[in-house]
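Novice: Below is a structure I'd like to ask you about.
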Amino acid sequence: MESIEQQLTELRTTLRHHEYLYHVMDAPEIPDAEYDRLMRELRELETKHPELITPDSPTQRVGAAPLAAFSQIRHEVPMLSLDNVFDEESFLAFNKRVQDRLKNNEKVTWCCELKLDGLAVSILYENGVLVSAATRGDGTTGEDITSNVRTIRAIPLKLHGENIPARLEVRGEVFLPQAGFEKINEDARRTGGKVFANPRNAAAGSLRQLDPRITAKRPLTFFCYGVGVLEGGELPDTHLGRLLQFKKWGLPVSDRVTLCESAEEVLAFYHKVEEDRPTLGFDIDGVVIKVNSLEQQEQLGFVARAPRWAVAFKFPAQEQMTFVRDVEFQVGRTGAITPVARLEPVHVAGVLVSNATLHNADEIERLGLRIGDKVVIRRAGDVIPQVVNVVLSERPEDTREVVFPTHCPVCGSDVERVEGEAVARCTGGLICGAQRKESLKHFVSRRAMDVDGMGDKIIDQLVEKEYVHTPADLFKLTAGKLTGLERMGPKSAQNVVNALEKAKETTFARFLYALGIREVGEATAAGLAAYFGTLEVLEAASIEELQKVPDVGIVVASHVHNFFAEESNRNVISELLAEGVHWPAPIVINAEEIDSPFAGKTVVLTGSLSQMSRDDAKARLVELGAKVAGSVSKKTDLVIAGEAAGSKLAKAQELGIEVIDEAEMLRLLGS
């Protein structure tokens, strides 16, 4: 049995190793939750044996050593971290400790903020001008990242307004919105560059580039949450008041900052943010709760590495470790072969996860994944769980290589990978049962033809019994034939037939989307429908004509053109129309005749809207004569930026395109 000294030594060594990977190499090997668990275990042991605490223990300092490649900046006021709580009971205990330490039963109000998952930085302004910026580093000394911070558009190089202090050091978080993260990885996969495991790593890697020109290309953003140095000026005597003052001077502050009057209100804030988390557009891992009164903060003071007046209330972990038991290969509706990791089941963010996507062969190679490996699994919002990285330091001896198939696992046809594409595909087409099933599931889905009651299991049976080969065959089904399916009684069968009849009345855009043309999503389908107006005109369009549609480039235009050039596809469309599928005749909108500020303009929506859904906003803009595109280009006239707008906003600013916020959009819609 290990001695207490040995346990402490091993824990400290392990934590230092992972701190180095996290803070210095930007390549964490374990999830935050596992790091937190190890730190809690070390603290508990040191609490029981205080005589064994050493000055260099991870519990006695804030972060990790700065990278030698950067010059260093010593923080005039140490950048401390926060203590964590993980459940309501622990938060209420923290609340009680605060109340007990204050004199005369003073009322406490709480300033609650989002706990952003990025990189903590300090930014020093002298007479309102940005002069330096540094990472947290080890809490006393950080890396000089001034040149890189100056490239972040959200951070003002000069403050504006009145009564700006002679020296003001603001502290906050640099982070990368989800859209920007996806764009960076998409570009990296295309060019063979480094693919980041998560937005936090991407933000850290972007901010700590030795070449600021690379940082400038990354759509980083920033929210401030506190102050370090303050000289030659005054600030309000509440935390919220200070944040509002920062905002007046041009510093970005999250609009989710909330003042809570009681512990009950804090818990309500926590649960509301947890509910909204999937729609924020950027990663958070909890909320930060601070005593609002600066006077009370001073009374409460600090412990060795954290303030007594603040705490981070963390959400259930979105990353966990488990083992890969096998890798299987699924076939999608376009023939794409997707490797899927079969996992030892593990709870991630409150959901039991037993499968995770591996995307493609390149991703398996990048991860260095073998069957039997210990891996980190991430699940964020509604995103399909994915393997973040392999824990190489704990690789078992009996792992096996993952072998990508050369023949389709469903129909046996050759698997082909076109040069320049990451995805390998089955060449079997509609003779492949998997492709047929997935194509039909897409066709009847809610955003396509919206056939109520026709779920995946029904489609599986219809294909396996060879009742259905093409989408047109669905509309030939009878209640009698459906009754022969498993768990399908006469009433349910008739309901499906009725739903199919109802689905015949659709829109041109939905119909195009339902056909499952490669690279044609909802937005592109809507653009094609609006531009060409009728199926006959679209079918006859050349590749050059197709590229005139907003958001349609050479690749999409080629896929659309080739789809309609294929005789079997035209035959299926003819059958669908013969079965009664129809949509209203197009309403020709002449932008010149519409009195609207959006008429004739190509508009792009980015970020999340709070007052209406994206679909409703798109529909209203089209009614007013706009063309709504899915990406920003030189053809774009206007960008509407909601909360957490990412790479599209950055590109619009780079191209000098007009940008308005949701409030201005609503005002113009109303006018």
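Even glycines carry a Cβ here, placed using N, Cα and C.
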Novice: Quick one: which of E106, E113, E265 does Swiss-Prot put in the NAD(+) site with D32, A33, E34, Y35, D36, S81, L82, R136, E173, K290, K314?
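Specialist: Matched candidate out of E106, E113, E265, per Swiss-Prot for NAD(+) with D32, A33, E34, Y35, D36, S81, L82, R136, E173, K290, K314: E113.
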Novice: Pick the one among the binding-site residues D32, E34, D36 whose Cβ has the fewest other Cβ atoms within 10 Å in this structure.
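Specialist: Sparsest of the binding-site residues D32, E34, D36 by Cβ contacts within 10 Å: D36.
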Novice: Quick one: mean pLDDT on the domain 'BRCT' (593-671)?
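Specialist: Residues in the domain 'BRCT' (593-671) carry a mean pLDDT of 81 in this prediction.
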Novice: Taking only same-chain residues 6+ apart in sequence, whose CB is under 8 Å from that of C411 (Zn(2+) binding site), what do you get?
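Specialist: Within the chain, C411 (Zn(2+) binding site) has Cβ neighbours under 8 Å at C426, G428, I431, C432, G433, A434.
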Novice: Cα-Cα, whole number of Å: D36 (NAD(+) binding site) versus K115 (active site, N6-AMP-lysine intermediate)?
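Specialist: With distance taken Cα to Cα, K115 (active site, N6-AMP-lysine intermediate) is 15 Å from D36 (NAD(+) binding site).
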Novice: Give the distance between the Cα atoms of L82 (NAD(+) binding site) and K115 (active site, N6-AMP-lysine intermediate), rounded to the nearest whole Å.
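Specialist: So the alpha carbons of L82 (NAD(+) binding site) and K115 (active site, N6-AMP-lysine intermediate) sit roughly 11 Å from each other.
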Novice: I'd like to know which of these binding-site residues, L82, C426, C432, is least surrounded, judged by other CB atoms within 10 A.
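Specialist: Counting other Cβ atoms within 10 Å of each of the binding-site residues L82, C426, C432, the minimum falls on L82.
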